[in-house]
Amino acid sequence: MKYDNLLDRFIKYVKVNTRSDPDSETTPSTESQEAFALTILKPEMEAIGLQDVHYNPVNGYLIGTLPANNPTLTRKIGFIAHMDTADFNAENVNPQIIDNYQGGDITLGSSNYKLDPKAFPNLNNYIGQTLITTDGTTLLGADDKSGIAEIMTAIEFLTSQPQIEHCDIKVAFGPDEEIGVGADKFEVADFEVDFAYTMDGGPLGELQYETFSAAALEVTFLGRNVHPGTAKDQMINALELAIDFHEKLPAKERPEYTDGYQGFYHLTGLTGTVEEARASYIIRDFEEASFEARKVKVENIAQSMNAQLGTKRVLVELNDQYYNMKKVIEKDMTAIELAKEVMEELAIKPVIEPIRGGTDGSKISFMGIPTPNIFAGGENMHGRFEFVSLQTMERAVDVIIGLVCKA
């Protein structure tokens with residue numbers, strides 16, 4: 001009974017295209033996210049017994065409350081998941097369900113793609129389980145619609161079993177996490193909790209309270225275009241300047257060469273002509289000192305190039321995006337200790353590792369609500385090879401219920 005609607009709920013959610021748009025200036029960045037909140041999630045939240053369900057058009061958050069039914073459980077706990085999906089085709093998502101996976105390749109629909117344990121050895125962790133995959137033409141959207149489905153399913157179970165005692169619960173579904181702005185307008189006053197959890201992690205047991213600190217870097221290169229036949233000592237090729245800048249960054253400090261606590265510079269876009277070019281980077285690191293050092297390094301490279309050129313032709317724009325939430329959460333580890341205790345009671349081994357990325361919790365933690373991250377089940381996220389285990393989603397439901405009953 002507890003999980004009866006979990007799979008159908010998840011399938012219903014992922015079939016709705018809620019891809020965010022990094023070039024949009026609205027909140028949410030796409031109309032589909034607001035429509036998803038208002039036409040699908042809000043009525044369902046009300047139907048399963050959440051109270052004071054309301055949508056804030058300013059920040060795109062849909063929030064509901066389940067009051068405590070035991071006054072001795074005095075903590076207030078929040079659960080957060082994001083509605084948007086990543087920068088990959090999300091139109092006409094057509095999930096396929098693999099019952100009792102027995103190993104080997106999984107052909108993704110009628111496409112030429114397959115999930116191969118040689119390429120994706122994480123498949124070997126799911127023998128005997130029910131897997132939900134893509135058809136090879138879209139992403140799945142388990143990031144983070146598995147989290148939404150898990151929260152909804154846990155709330156539905158609690159309201160259907162009033163004899164199960166629980167604390168005050170707040171639920172929030174927000175926009176635009178994948179483009180890094182989802183929590184920018186989050187209203188703490190509308191989410192009065194002692195701490196919260198984002199249900200936005202990956203495999204079973206993930207419990208995370210360390211994220212990258214993140215910055216966006218835009219570098220503009222100003223060239224001077226003249227006819228190539230008479231270009232000697234006159235032309236300044238902006239594209240060559242961009243290449244020169246990139247080559248001055250440490251070659252091994254890129255995503256494909258780093259893991260664990262190692263930071264990186266990641267070139268995400270390069271456009272231009274001889275006259276003008278533009279390079280987009282993201283900068284990531286865990287430690288505050290090394291994060292700041294990376295930003296200083298790019299500034300110094302630009303200054304050095306400009307000095308050599310004799311004029312300012314390399315223009316740097318740096319914007320911090322979010323910070324490592326460890327700095328906030330380690331001051332009070334209650335949320336982590338509670339989650340560890342609940343997982344261990346459920347025979348789930350907590351896997352406490354840094355997130356090589358960020359969550360909405362990164363920003364919300366710095367707003368005053370410690371918000372670590374818990375597994376939601378997704379694997380190979382952000383692309384056609386994404387999949388999720390139904391059994392892992394069920395365990396996430398168990399963790400949510402355990403947290404609010406133990407508070």
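Note that Cβ sites are derived from N, Cα and C of the backbone, with glycine treated the same way.
Among E178, E344, E345, only E178 appears in Swiss-Prot as part of the Zn(2+) 2 site alongside D143, H382. From the candidate list H54, H82, H266, the residue Swiss-Prot records in the Zn(2+) 1 site shared with D143, D200 is H82. Among the recorded positions listed (E177, E178, H382), E177 has its Cα nearest to the Cα of H82 (Zn(2+) 1 binding site). Surrounding the centroid of the Cβ atoms of D143, E178, H382, where the record places Zn(2+) 2, the chain contributes additional residues within 8 Å, namely T85, A86, D87, F88, L139, D144, M381. Sequence-ordered, the extra residues of this chain that approach the Zn(2+) 1 site, with Cβ no more than 8 Å from the Cβ center of H82, D143, D200, are A81, D144, G147, E177, E178, T198, M199, T359, D360, A376, G378. In the three-state DSSP scheme, E178 (Zn(2+) 2 binding site) is classed as helix.
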